[in-house]
Amino acid sequence: MKIVVAKNIGFCFGVERAIRTVEELLDEGKKVVTDGEIVHNKQVMEQLTKKGLKVSSEMTDGEVFVVRAHGIPKDRLEELKKIFPEVVDLTCPIVSQLFKTAQRYAKERKVIVFGKEDHPEMVALRGYAPAIVTKVPFKLEEKKVVFLSQTTSSLEEYKEFVAAMIRMNEFEEAVFLNTICPVTVNREREVEELSKICDLSIVVGGKHSSNTGKLFRIASKHSKTIWIESPDELPADVVKYGTVCVFSGTSTPNSLIENVVRKLKEMEGKRDGTI
């Protein structure tokens with residue numbers, strides 16, 4: 001079995017920044033509170049809660065409230081500043097830029113965002129600008145529009161959505177902006193190419209992670225593909241595949257990927273009788 005690990009793996013800079021900041025606050029002995037997953041990764045959240053991070057939508061007792069990487073609505077942010085002595089905004093810079101862009105364009109045209117309506121990033125965005133969030137093309141009366149995208153969406157799927165919207169409607173002015181995170185686009189392209197030479201693709205990441213799900217869908221077009229959160233989920237028959245490729249979402253730590261590779265080698269060793 002040949003194991004090929006993608007070059008673009010591990011945390012993106014926004015996730016790394018968020019986790020590092022929370023760990024530093026906890027190491028200082030501060031009572032740190034948040035209202036959901038800092039990042040969409042179960043193992044990372046378990047580690048942070050063990051260190052003392054409190055997660056609750058109702059919690060008001062704490063010294064520091066940390067805003068998740070996905071962001072929160074503007075009015076909610078202002079409320080939190082009145083409740084907590086310190087609020088640390090860990091919204092990813094690329095996500096923050098999306099919010100500002102939507103807010104700016106909403107003054108002059110209808111904002112249409114390609115994304116999952118219930119995703120935390122999209123919930124937060126609607127707190128900055130009145131926007132239609134959907135992945136399904138539809139008819140619209142407005143003639144002036146701007147197209148934006150959730151930062152973790154597939155670029156190709158986004159382009160297809162915009163093309164369908166333009167075919168279905170008679171817009172006088174339609175602005176198309178690529179607001180997808182370049183880190184996720186690079187991973188998307190690597191998975192698109194590398195999965196073509198794989199007998200099995202393994203995508204490692206949280207089951208609630210949009211960007212991980214995107215990589216899973218792309219790899220599935222070209223090879224047998226599985227989506228796992230931990231090495232324990234590797235199937236026993238993984239050793240039957242000749243070339244196994246390992247990919248990861250942007251909320252997946254390098255340590256977890258290393259553990260998956262280690263487990264694969266152990267399974268191969270047991271099959272060959274070398275362990």
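Glycine too: its Cβ is placed from the backbone N, Cα and C atoms.
Features of the protein shown, as given by Swiss-Prot:
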- C12, C92, C181: [4Fe-4S] cluster binding site (BINDING)
- H40, H70, H119, S209, S210, N211, S251: isopentenyl diphosphate binding site (BINDING)
- H40, H70, H119, T151, S209, S210, N211, S251: (2E)-4-hydroxy-3-methylbut-2-enyl diphosphate binding site (BINDING)
- H40, H70, H119, S209, S210, N211, S251: dimethylallyl diphosphate binding site (BINDING)
- E121: active site, proton donor (ACT_SITE)
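One way to see the shell of the dimethylallyl diphosphate site is to take the Cβ centroid of H40, H70, H119, S209, S210, N211, S251; the remaining same-chain residues with a Cβ within 8 Å of it are V39, P120, E121, T152, G206, H208, T212, G249, T250. In sequence order, the recorded positions near C181 ([4Fe-4S] cluster binding site) (Cα within 10 Å of its Cα) are T151, drawn from H40, H70, E121, T151, S210, S251.
Cα to Cα, N211 (isopentenyl diphosphate binding site) and E121 (active site, proton donor) are separated by 12 Å.
According to DSSP, N211 (isopentenyl diphosphate binding site) sits within a helical segment.
In terms of Cα distance, the binding-site residues that sit within 10 Å of E121 (active site, proton donor) are H70, chosen from C12, H40, H70, S209, S251. The distance from the Cα of C92 ([4Fe-4S] cluster binding site) to the Cα of H40 (isopentenyl diphosphate binding site) comes to 13 Å. Counting only same-chain residues six or more apart in sequence, the Cβ atoms lying under 8 angstroms from the Cβ of S210 (isopentenyl diphosphate binding site) belong to H40, K116, H119, Q150, T152, S153. In terms of Cα distance, none of the binding-site residues chosen from H70, T151, S209 sits within 10 Å of C12 ([4Fe-4S] cluster binding site). Long-range Cβ contacts of S251 (isopentenyl diphosphate binding site) within its own chain (separation 6+, distance under 8 Å): F11, V15, V39, H40, N41, V44, G205, G206, S209, N211, T212.
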